[in-house]
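Asker: According to Swiss-Prot, the active site, nucleophile annotation covers Cys50, on the basis of sequence analysis. Annotation source Swiss-Prot lists substrate binding site at Thr49, Cys50, Asn51, Arg52, Ser109, Glu114, Pro115, Gln116, Gln120, citing sequence analysis. If you look up Swiss-Prot, you'll see Gly189, Ala190, Gly191, Glu192, Thr193, Ile194 marked as NADP(+) binding site. Residues or ranges marked as site 'Important for activity' by Swiss-Prot: His99.
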Amino acid sequence: MTLLALGINHKTAPVSLRERVSFSPDKLDQALDSLLAQPMVQGGVVLSTCNRTELYLSVEEQDNLQEALIRWLCDYHNLNEEDLRKSLYWHQDNDAVSHLMRVASGLDSLVLGEPQILGQVKKAFVDSQKGHMKASELERMFQKSFSVAKRVRTETDIGASAVSVAFAACTLARQIFESLSTVTVLLVGAGETIELVARHLREHKVQKMIIANRTRERAQILADEVGAEVIALSEIDERLREADIIISSTASPLPIIGKGMVERALKSRRNQPMLLVDIAVPRDVEPEVGKLANAYLYSVDDLQSIISHNLAQRKAAAVEAETIVAQETSEFMAWLRAQSASETIREYRSQAEHVRDELTAKALAALEQGGDAQAIMQDLAWKLTNRLIHAPTKSLQQAARDGDNERLNILRDSLGLE
């Protein structure tokens, strides 16, 4: 059994590739079924966010394993293998465990130490358990990563300052508009990222927020919290002209806001500027919108400069966190090695118990037939000793014949011989 982590993220691939490799929530079950149908895959978890798509797998070693998994990923998303290979990373066993712990702890995020990723990792794990999870080692790896992430946040200052993609989007808005209290903000979506954006905006005294979402119920809960109006996605076209700032983050596979829609809104606004921050993958706003005069479009990749400004205060904490991850990875791998030996131990114990039961049954039968008890017990002890030491004796003899002193010493140590 081998543990693997493979995928792409914001550091290795542009948003144009990340959106093509992402797994939409409504097709995740189908993707997991297809993945687990691969003969080498014992268990799998798919993590797909704005900034990364990763597969965490428990697999049987085989020739061309990497080729087979890359081919599956490319076939599933209809990708050119060469395009994917340039951006794909591949971690195995110790490195896979360490990578997951770093991801869950926010150490591999666009925003160092951001807490949202832990919730996303947990959701990916829960989704994988709905009839898909098969490998206990993979399950244990995820459970361990959750406890490590909690330890990192408790024992370091990695989350001391409020920095996230949502926070960066709000920072960008504050840089462009002198005061947010007089602007109208349209939020598209009602997921976790938009929730964070809405709360940040409320803290900065935004008076008018409109939330457009596919389902009204979820949007209404957030709207009640931040004092916003709720509209349907179909109403965006007619209401877009009211918005000075549009921040969008949905799971839609196709753009929601097109160039024509923004052109009409700008005309109605007499070309007053609009800021559009698209933090969705795949993108919610057509890239061509950025070519329009007075439409200022930013993607998740464009937020990098803002986010970079906030990294300094977290770097010292990250060093401490990396030490924790290294320690916890080492402990987990020790547990994993012990698990791999446990089946051998069970087999060895079962074999010894079988010999014991077989010889004891024969001895008891001999006693019932009136045999001499002392002779029967001596015979039992002799046969039991010979049967139990037969295999170790053969191994010692073979090691001696081969002149393999290292193996001989290992066997001596295993048998408790000084």
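Cβ from N, Cα, C; glycine included.
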Asker: Counting other CB atoms within 10 A of each CB, which of the binding-site residues Thr49, Asn51, Ser109, Gln120, Thr193 comes out lowest?
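Answerer: Checked Thr49, Asn51, Ser109, Gln120, Thr193; of these binding-site residues, fewest Cβ neighbours within 10 Å: Gln120.
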Asker: Other residues with Cβ within 8 Å of the Cβ centroid of Gly189, Ala190, Gly191, Glu192, Thr193, Ile194 at the NADP(+) site?
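Answerer: Nearby residues not in the site list: Leu187, Glu195, Leu196, Val197, Ser249, Thr250.
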Asker: Quick check for the class: what is the C-alpha distance, in angstrom and rounded, between His99 (site 'Important for activity') and Ser109 (substrate binding site)?
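Answerer: Here the two Cα atoms are 11 Å apart.
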Asker: Taking DSSP three-state, what's His99 (site 'Important for activity') in: helix, strand or coil?
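Answerer: DSSP assigns His99 (site 'Important for activity') to helix.
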Asker: With H, G and I counted as helix, E and B as strand and the rest as coil, say where DSSP puts Gln120 (substrate binding site).
Answerer: helix
Asker: Using the Cβ center of Thr49, Cys50, Asn51, Arg52, Ser109, Glu114, Pro115, Gln116, Gln120 as the substrate site position, which other residues in that chain lie within 8 Å, going by their Cβ?
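Answerer: In sequence order, the nearby non-listed residues are Gly106, Leu110, Val111, Ile117, Val165.
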Asker: Spatially, which candidate from the binding-site residues Gly189, Ala190, Gly191, Thr193 is nearest to Asn51 (substrate binding site), comparing Cα atoms?
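Answerer: For Asn51 (substrate binding site), the closest Cα among Gly189, Ala190, Gly191, Thr193 is found at Thr193.
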Asker: Could you work out which of the binding-site residues (Pro115, Gly189, Gly191) has its C-beta surrounded by the smallest number of other C-beta atoms within 10 A?
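Answerer: Counting other Cβ atoms within 10 Å of each of the binding-site residues Pro115, Gly189, Gly191 gives the minimum at Gly191.
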Asker: Could you state the whole-number distance in Å separating the C-alpha atoms of Ser109 (substrate binding site) and Gly191 (NADP(+) binding site)?
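Answerer: So the Cα of Gly191 (NADP(+) binding site) lies 19 Å away from that of Ser109 (substrate binding site).
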